[in-house]
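Enquirer: One structure is given below, represented as structure tokens, and several questions about it will come after.
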């Protein structure tokens, strides 16, 4: 079976879940161009300012949205890599994958990158509370959002799952289904909350 992307594929999730790696692999496999929204916005000056407290740029969402939609209309389907894909219109998406990762594993990955404890805490909290999934569902609708658990899995395994879903070889479960607060043992949740409370000041 040949997969024909009528629209774009979104790859979302907090930093450290594997978005960029998976997006690039899918781009190679499907021969569809990939756009890293943040990188694209910064490179094309589609930003308002730099926020020192969060160590990140404030994106000009309206300008970024218009620019990406223009590319989509001109070039066709895209793979869009961002933790805020929901700022783009639903109409350009075929499906949006939200990559999830056990928050404790995520914490260790982000610390190993040399991130500040505050920035790590913010992202671990976002993962614990399913922020990317909830935002995507609220803005784009549950029926195109699919969560994938990347915890302790190889890149090839994750890419295979996304491809199997795209080609109809794997059942699709839409919407919000990975609730770490219900899945993880209480002692792990307590450790994570302590880390967040101490560092998210």
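Each Cβ is built from the backbone N, Cα and C atoms, and glycine gets one as well.
Automatic, uncurated: that is what TrEMBL annotation is.
Annotations for this protein, taken from TrEMBL, read as follows:
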BINDING   16, 18, 19, 20, 21, 113  ATP binding site
REGION    112-122  region 'LID'
Enquirer: Among 16, 18, 19, 20, 21, 113, which the record lists as binding ATP, how far apart in Å are the two most distant Cα atoms?
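Expert: Largest Cα to Cα distance for the ATP-binding set is 15 Å.
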Enquirer: Work out the three-state DSSP category of residue 19 (ATP binding site).
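Expert: Assignment for residue 19 (ATP binding site) reads helix.
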Enquirer: Validating a neighbour-count step here. Other CB atoms within 10 A of the CB of residue 19 (ATP binding site): how many?
Expert: 25
Enquirer: Can you give me the same-chain residues 6 or more apart in sequence from residue 21 (ATP binding site) with a CB-CB distance under 8 Å?
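Expert: Spatial neighbours, sequence-distant, of residue 21 (ATP binding site): 155.
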Enquirer: I'd like the Cβ neighbour count for residue 20 (ATP binding site), meaning other Cβ atoms within 10 Å of its Cβ, all protein chains included.
Expert: 16
Enquirer: Looking only at 16, 18, the binding-site residues on record, which one has the least crowded Cβ, with the fewest other Cβ atoms within 10 Å?
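Expert: Fewest other Cβ atoms within 10 Å, among the binding-site residues 16, 18, is found for 18.
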Enquirer: Determine how many residues of the region 'LID' (112-122) DSSP places in helix, in strand and in coil.
Expert: 7 helix, 0 strand, 4 coil
